[in-house]
């Protein structure tokens, strides 16, 4: 199983990239969102990967974070959602947006992904709603992979033929998982907590952990 590919970005296609790992090129299919975030050609890149095996085809699908990879695997458990459909959903919504849509039962947002019809979107929401809290709580493992050091130049090539790698930006911390953990410690059921946190995060995307907890508690408070 190939779980991670790190090397030099050698080619960028409409739905895939070619990553050179010490002279071996790996074709990795990525979502539109991930493709847009790729560095320039000749720069270091690293992706978590999932190997999808068919009778006559092996394909690698790449993800910037482990949580996005896990969402892709979960999406493919839904009948009618294949690897490319899962990538379309993640490309349209991202991992957090997918989690929020499923938790809130928002099939229309799922349907906004290319190639996803209303029946499939509704099935995704119904089948995965109870499983969303567990993945949302994986926030500690959502950090994006930092590009590895570039491989040593191959014989016959100069080090100047590769661009210098840029220092990776520090990943934005996930406050969702911390808020979910706090609500769980307060005794709230995972599904209820996930729905409240998802709604709060959707209304205030830049909220920190404390703000998410306060907003979620207001949503969970008994209505008079």
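The backbone N, Cα and C atoms fix where each Cβ goes, and this holds for glycine too.
Features reported for this protein in Swiss-Prot:
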{"type": "REGION", "residues": "1-64", "note": "region 'Domain I'"}
{"type": "REGION", "residues": "65-143", "note": "region 'Domain II'"}
{"type": "REGION", "residues": "141-185", "note": "region 'Disordered'"}
{"type": "REGION", "residues": "144-170", "note": "region 'Flexible linker'"}
{"type": "REGION", "residues": "171-224", "note": "region 'Domain III'"}
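Break the region 'Domain II' (65-143) down by DSSP state and the numbers are 57 helix, 0 strand, 22 coil. Note: the region 'Domain III' (171-224) comprises 37 helix, 0 strand, 17 coil (DSSP; helix = H, G, I, strand = E, B). Broken down with DSSP, the region 'Domain I' (1-64) shows 5 helix, 37 strand, 22 coil.
On the 0 to 100 pLDDT scale, the model's mean across the region 'Domain III' (171-224) is 83.
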